[in-house]
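Q: My questions all concern the structure below.
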Amino acid sequence: GNGNGKKDEL
Amino acid sequence: MNLFRLLGDLSHLASIFILLHKIQTTRSCRGISFKTQALYVTVFVARYLDLFYRYVSLYNSVMKLFFIASSVYILYLMKYKYRPTNDPSIDTFRIEYLLGPCVLLSLIFNYKFSVTEVLWSFSIFLESVAILPQLFMLQRTGEAETITTHYLAALGVYRALYIPNWIYRYITEDGVVDPIAVTAGLVQTGLYIDFFYVYFTKVLQGQKFELPA
C-alpha cells in the first residue's frame, strides 16, 4: 500500500 | 505515467485553453462562475505548495506552474479585463457550504496531521466540489453557450480518465491505492453525470445546451 497518497499525480 | 493519466492531464489542459478561447473570442465571461474559478485557484495553490519541497519530474512541475498561473489569469480576466460581462447576481452558490465541510474533512482525513498534508487533503476535497457553483449557475440559467459546454466536458473527461488510471496503477504497482484521492475523485466524476447526459444527447448532436424547464 501507499499510505502517503499518490503525490506524483496532478 | 500511463496513457489514462496523460490523456486526463491533456484533457485538463485542453479545458483551460477552451475556457481562455471562449473568453478571448467572445470578449466575455458570461456563463462562467467566478466562484468556481476562484475555488480552482485555491485548490491549485493549496496542493501545489509542494513545488517548494518535492520534485517529481519536469512534466509535473511545469503542469503545476501552468495550472496555478492560468487559473490566476482567468480570475484576472473575469475581475478586471472583462468585468462588465461578469454577472455576480446569477453566481449565487454559497461557497461557505463547500469550504466549511472541506476544512473539516481535511482535518479528519489526511495522511499526516501536518500543515502541508492537511492542505493537500483540503485541496483534494475542495477540487471534488469546486465545479458546483458552475453547475448551479447552469441549472439556474437553463442554457449555456456551446463553447462553455465543451469546457465543462473536457474538465469532466479529465476527471473520468483518472479512474481507469487508478485501476491501472492498482494492478501494475502492486496494490497501490490512495483512498482520499480515489474517494474524492469518484464523487467529483459523479457530479458530471447529469451534465454529460445532456452534453451527449444534445450538444454532440448539434443542438443547443438547454435544460428542460
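Glycine residues also receive a Cβ, built from the backbone N, Cα and C atoms like all the rest.
Sequence annotations record features per position, and here TrEMBL assigns transmembrane segment to B:52-76, B:97-113, B:119-138, B:150-168, B:180-200.
Can you tell me where each of these features sits in this structure?
A: Counting residues 6+ beyond its ends, the transmembrane segment (B:119-138) has Cβ neighbours under 8 Å at 31-33, 35-36, 39-40, 42-44, 46-47, 49-50, 90-93, 95, 98-99, 101-103, 105-106, 109-111, 144, 152, 155, 180-181, 184-185, 187-188, 191-192, 194-195, 211 in the same chain.
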Q: Excluding the flanking five residues on each side, which residues at least 6 beyond the ends of the transmembrane segment (B:52-76) place their CB within less than 8 Å of a CB in that stretch?
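A: For the transmembrane segment (B:52-76), the far contacts come to 1, 9, 12-13, 16, 19-20, 23, 34, 37-38, 40-41, 44-45, 116.
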Q: Using a Cβ-Cβ cut-off of under 8 Å, list the residues of the same chain that are 6+ residues beyond the ends of the transmembrane segment (B:180-200) and lie near it.
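A: Residues 109-111, 121, 124-125, 127-129, 131-132, 135, 138, 149, 152-153, 155-156, 159-160, 162-163, 166, 209, 211.
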Q: What residues in the same chain, six or more past the boundaries of the transmembrane segment (B:150-168), come closer than 8 Å to it by Cβ-Cβ distance?
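A: For the transmembrane segment (B:150-168), the nonlocal Cβ contacts are 2, 4-5, 7-9, 11-12, 14-15, 18-19, 22, 131, 134, 138, 144, 177-178, 181-182, 185-186, 188-189, 192, 195-196, 199, 203.
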